[in-house]
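Everything below concerns the one structure shown next.
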Amino acid sequence: MIFNKTEEQEKQYLQQILEIINDTINNTDKSVKEHVDTLQEHKDYLWSNKDIDPHEIRSMRESILNHFALGENVIDKRKRLSKILDIPYFGRIDFCEKKEGKLTTPIYIGIHTFYDPLSRTNLIYDWRAPVSSMFYDHELGEASYISPSGEVYGDMSLKRQYRIRKGRMEFMIESSLTVHDDILQKELSANADDKMKNIVTTIQREQNRIIRNEDASILIIQGVAGSGKTSIALHRIAYLLYALKGNISSKDILIISPNKIFADYISNVLPELGEETVPETSMEQILSSILYNKYKYQNFFEQVSELLERPTPDFIERIQYKSSPDFVLQLDKFILHIENTYLHATDVKLNRYITIPAEFIKEQFRRFNRYPMRQRFETMTEYIMEMMAIQYNFSVTTAEKTLLKKEIKKMFAGNNDLQVYKDFFEWAGKPKMFKTRKNHTLEYTDLAPLAYLHLALEGYPPHSPVKHLLIDEMQDYPPIQYKIIQKLYSCRKTILGDTCQSVNPYGSSTAEMIRKVFATGEIMKLCKSYRSTFEITAFTQNIRPNTDLEPVVRHGEHPRILRFQNSEKEIDGITELISLFRKSKYKSLGIICKTETQAREIADKLLKHTDNIYFLSSQSSAFVKGIIITSSHMAKGLEFDEVIVPQANNKNYCSEIDKSMLYVAVTRAMHKLTVTYWGKPCDFIYISPTLKSSDLNPL
Ligand SMILES: Nc1ncnc2c1ncn2[C@@H]1O[C@H](COP(=O)(O)OP(=O)(O)OP(=O)(O)O)[C@@H](O)[C@H]1O
């Protein structure tokens, strides 16, 4: 006998569940009110009784704090329950454990657990619960899941998916498959939001393996464009917060994200999954704060812009040199060289009678080699003084002690980070590899090695409280930056990215390179691409073929390549495309240019013809829905219903880095893509014979 066999029965059951949830909400409201009343009573009592004895005050204080904490708990529960009212559950499996006397049990799966205290049953299971994993991993028939007490085997006899919105069941699908294709197609065909959304109802099996991987201490996800890397990494965080409850909370997690826009864009996923937003930072912030924010430096965005707008072979060479794994080895050798040669010891005359010999000082520098070099002076001084006192039976004054410490510090030639860093290039025989810009501004590639040397000399900060580190866009960070991360954060890590989307082709890292830096790590691949229609994906594959990529078959319009007579006509054409977009069903349009300068120029021109266009610069911090004009670099990680890529001529897009930018731009499109140009089309775009001739004729 199947529980709730028909759709009608399921609908009635949904109503019952909603009633129970509503009752529970009413009870929590009562409970909140009781807590508020008690707190008020305590407050009144304290106000109206001036001579209360200290014991009573203390006990009352404890009671207030207690009520407060309980009250907050109840409020959290209330928030969760109100969310459940909208979509109580999205899936169901019927499972019978292979054990005598066990019955088939329907398991309803939602974003949160719902336990009914009256019937003492779990009416809804959290999607992260062990039993729920079968929903994502198994088809009908034999199934198993890993419970805290071991693997549980059984038979899965039914699998349903529901679409419930605002407490109303729109439809249900019964399926033997893992996640039914129709539901996935519906989700993928929906319009883009101003924030990344959760995908809990349609997580795919290969994605679930990554989310629930608790074994890997360093998990490296290499995934093709639109494969759900970022979404999956965030779901993984939500999963770990659930599975390791008590050991880890959201404030113990740190996300290293490429920029503020991206951080804003992904900020909704965890709250949607019922978790707090987690702290976020950027690689630049980490590196600069190691150096006490003392140096002016070209930021990563400026480095990319320079590579796109005015690349010089020297600049490229400097970036390449400092981004190789070999460079880290060289720095390590140099640190050893500092250790062996930077202390130029001399005799120190403490007073008329006592002189500390140079050789003795040198010996102490070596003796304390477990301390970072700049941290040894104090300990060496203490030790030397102690030895003096024992051997010659005399005591030194504080002034003499201070003098000795000062003298030892002076003997060390590595007290200035920048000088040491410059020395490195002399030592390596590559003085041309270091160049500062106007006003002593450092190049971006120098920030990490400088910080690395600083840490080697000064010592690493105490153990970081971060328990899980998430690094997105992993390909953009060179090995030296990972080396620093490894030393700063010893915790578990999830690192994700796609080498094909590097905006830093002269300094990018592959999954394999990253694993080498950490000397460990599990690489998991995501090959299915979900974001774009089949036609758009085929187009992007012509720009940068990736044999790993497997598109999800969802059809849409063919991308269009529009040729114009000149740049003015191109602007007119884009204005026309914008007005067509405004009349369409789509909600977001990204006009993605190669550089920020180009984006700004086009934005200025377009704004003469049309309004409500937002220019997103590297300084922006919030992502907005609507018509956005931006650079490829800023668009990384984002997505739009429709994308227009202007100026795709062979002058604008001609180098390897230009190709990366073009690839990033076109892979942002979900449903519609138009590429415009005047002059000759760039060689990276394949003009397919299926294109209508009107698409190519000059307009
Ligand atoms: N299992 C899934 N169910 C529904 N949608 C999915 C699924 N997996 C991925 N998507 C959708 O695919 C799109 C791409 O996801 P996401 O941005 O996480 O991918 P990514 O690999 O980080 O992309 P990129 O590297 O190109 O920026 C999003 O719209 C996401 O909602």
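FYI, residue positions are counted from 1 along the chain as it appears here.
Quick reminder: no glycine exception, Cβ is built from N, Cα and C everywhere.
Positions annotated as domain 'UvrD-like helicase ATP-binding' by TrEMBL: 202-533. Look at TrEMBL and you will find Gly223, Val224, Ala225, Gly226, Ser227, Gly228, Lys229, Thr230 tagged as ATP binding site.
Shown here: features listed in TrEMBL, placed on the structure.
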{"residue": "Gly223", "record": "ATP binding site", "contacts (Cβ under 8 Å, 6+ apart)": "Lys229, Ile232, Leu496, Gly497, Asp498, Lys525, Leu526, Cys527"}
{"residue": "Val224", "record": "ATP binding site", "contacts (Cβ under 8 Å, 6+ apart)": "Asp498, Cys500, Leu526, Cys527, Lys528, Ser529, Asn546, Asp548, Leu549"}
{"residue": "Ala225", "record": "ATP binding site", "contacts (Cβ under 8 Å, 6+ apart)": "Asp498, Cys500, Gln501, Ser529, Arg531, Thr540, Leu549, Tyr663, Thr667"}
{"residue": "Gly226", "record": "ATP binding site", "contacts (Cβ under 8 Å, 6+ apart)": "Ser529, Tyr530, Arg531, Ser532, Thr537, Glu639, Thr667"}
{"residue": "Ser227", "record": "ATP binding site", "contacts (Cβ under 8 Å, 6+ apart)": "Asp498, Leu526, Cys527, Lys528, Ser529, Tyr530"}
{"residue": "Gly228", "record": "ATP binding site", "contacts (Cβ under 8 Å, 6+ apart)": "Ile199, Gln204, Gln207, Leu526, Tyr530"}
{"residue": "Thr230", "record": "ATP binding site", "contacts (Cβ under 8 Å, 6+ apart)": "Met196, Ile266, Asp472, Leu496, Gly637"}
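In the predicted structure, the domain 'UvrD-like helicase ATP-binding' (202-533) carries a mean pLDDT of 94.
In sequence order, Asp498, Leu526, Ser529, Tyr530, Arg531 are the same-chain residues whose CB sits within 8 A of the CB centroid of Gly223, Val224, Ala225, Gly226, Ser227, Gly228, Lys229, Thr230, the residues recorded for ATP being left out. In the three-state DSSP classification, Gly223 (ATP binding site) falls within a strand. In the three-state DSSP assignment, the secondary structure recorded for Lys229 (ATP binding site) is helix.
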